[in-house]
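As annotated by TrEMBL, transmembrane segment applies to 6-25, 37-56, 68-91, 103-124, 136-156, 168-198, 218-241, 262-284, 290-316, 328-347, 359-382. For 8-382, the entry in TrEMBL reads domain 'Cation/H+ exchanger transmembrane'. Under the heading domain 'Sodium/hydrogen exchanger regulatory region', TrEMBL lists 479-566. According to TrEMBL, the coiled coil annotation covers 504-531. Positions annotated as region 'Disordered' by TrEMBL: 599-690.
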């Protein structure tokens, strides 16, 4: 029924199925089975943890390890002591039925109920497809808080048997946390290395390769539990350590077998756990106390919210990517409780803890509330808050290469700064792994070449085998290794690629087109800033040449009219500034104008040179020079063109007989006195054909 499964998580439906099955068994007069703690911890929990540890997203996990550890250790300790202390206060005030429950019993209850359950988190979070950061924070916390839960559980269980707890016992209990957590990791690493080393010699017995992964992982879990270490930490460490080396050694079919068998095994265990939770709820002995149950539920929620808010405020001071209020809400709301708390409570001894039934009832209530209410409402809340979802697509090779490039870049920056950070130690570990560990744990040439090249060789070999089997290449032998393929020296020269025949004319035409187009690409406009404009003598020469040619053309057109020119109108200061600003090197004051005031023009004035018709202004500025001193005094500042340095000989640049001042004055006197036609709006600066 898709409409139901889209609203209700699978774990809730399985608990409902368990409740129905338990009610049916009880209805026919039989005693329903109860989820025994030995069965849960020895057979149902390890597959789920191994699946999570073996396929753990290692990059996200290591990058957020500090945040995960703070949530897992400090957060779980806060929840346990806050909840235990408040429940002790409730028991003291709550009446006759709760007075006999002491402080240690309440602290033990708080340590059981405070830990986030990895089974429940996996069941809910995999359905809502939350982004990788939030998923790894909540799920990583649920995995790593096992060490804290184990330590507190055994600690308070032992303290309950003592007549008096001394300071030395508390200090030893604190040190036992490091022994349990680090000891579990150490056991897992040892078994992971043994599994990787064993897989190096399994090339001739591919069938039993998956067995070693399951065998050594389970042995790591049992060895850790044997010494009261953290079995979950041992399983995660063994899975993380063995995976890169095992996958390099085993065949592709063995990898597929491990993947799907682990997924199936963990899925079956998860199903059985939730069904047994429902059945055990019907079958178990319950003692309902409203005050205790409601207080437990309320204080669980308050402790979780306060813990997440306080720790996030502290964590955000050190994180580059801050945890937003939406992220904090999802982390607090995703603190689900599950079967681990139920099984730990079921392990309690009746002789020392006669209130076990009441504890079980409160724990089942909290489990049902978190799984049903929070598990069912977290998906709509994620959609309502528009929390980023997980990207389903795989990362491309381009993204992989750029990620590795950025890692190298950040490592180099840290080395330059002298800061030994996350990337520095990661690079050191990778170098040590490549230089020593891979040579011992990976067989053959695969220990030396990078993963990308190995994948390329694998694809190349696969394609060659497919071509041989299909008859595409008859000359290559059917079974040849990659190394021997590379060493084959071809005796016959390879056949040249057939090119289409082109005639000489066609080829020359193509070359001409390419030559013209390739040259045109270099003719780009000069980009400059008018505040930092540097004069280019060649550019000035070409501009002067174009202006002179246009001036000659205009003079030739006006030679037909033999009329004198009226007195030249004095230019405005703005026009003079624009004219000089367009080309300040081409103008200078007259030599005999010492008595005239010198006007200094700022070339970087706001007047835009493009708004002035430079050809006409050149003509007016340099052409209309009056011949008498009286006219010079009326005109004020007189400018004259400077002789440019031409890049080559040109008839315009080479001064002739007609370039003398008297001839120029004669030409100006014989020019057209009529009104000059206004240039059209779309007319180019230099007309075509000039």
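Note that Cβ sites are derived from N, Cα and C of the backbone, with glycine treated the same way.
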*Answer with yes or no whether the transmembrane segment (359-382) touches the transmembrane segment (6-25) by the criterion of at least three Cβ pairs under 8 A, sequence separation 6 or more.*
yes
*Which range out of 37-56, 136-156, 168-198, 359-382 gives the transmembrane segment (262-284) the most CB pairs under 8 Å?*
37-56
*Check the transmembrane segment (290-316) against each of 68-91, 103-124, 218-241 and return whichever range has the most CB pairs under 8 Å.*
68-91
*asked:* Assess whether the transmembrane segment (103-124) lies in contact with the transmembrane segment (328-347), where contact requires at least three Cβ pairs under 8 Å among residues 6 or more apart in sequence.
replied: yes
*Would you kindly check 68-91, 218-241, 328-347 and say which stretch has the most C-beta pairs under 8 angstroms to the transmembrane segment (37-56)?*
218-241
*Among 68-91, 136-156, 328-347, which stretch has the highest count of C-beta pairs below 8 Å with the transmembrane segment (359-382)?*
328-347
*Beyond the flanks of the transmembrane segment (136-156) by at least 6 residues, Cβ under 8 Å*: 49, 52-53, 57, 60-61, 64-65, 67-69, 71-73, 75-77, 80, 104-105, 107-108, 111-112, 114-118, 121-122, 125, 173, 176-177, 180-181, 184, 228-233, 236, 330-331, 334-335, 340, 344
_What residues elsewhere in the chain lie close to the transmembrane segment (68-91), defined as a C-beta under 8 angstroms and at least 6 residues from its ends?_
61, 98-99, 101-103, 106-111, 113-116, 136-137, 140-141, 143-145, 148-149, 152, 291-292, 295-296, 299-300, 303-304, 306-308, 310-311, 314-315, 331
*Average pLDDT across the coiled coil (504-531)?*
62
*Intrachain residues whose Cβ lies under 8 Å of the transmembrane segment (328-347), provided they are six or more past its termini*: 34-37, 40-41, 44-45, 71, 109, 112-113, 115-121, 124-125, 130, 134, 137-138, 146, 149, 153, 273-274, 276-277, 280, 300, 304-305, 308-309, 312, 356, 359-360, 363-364, 366-367, 370-371, 374-375, 378, 381-382, 385, 387
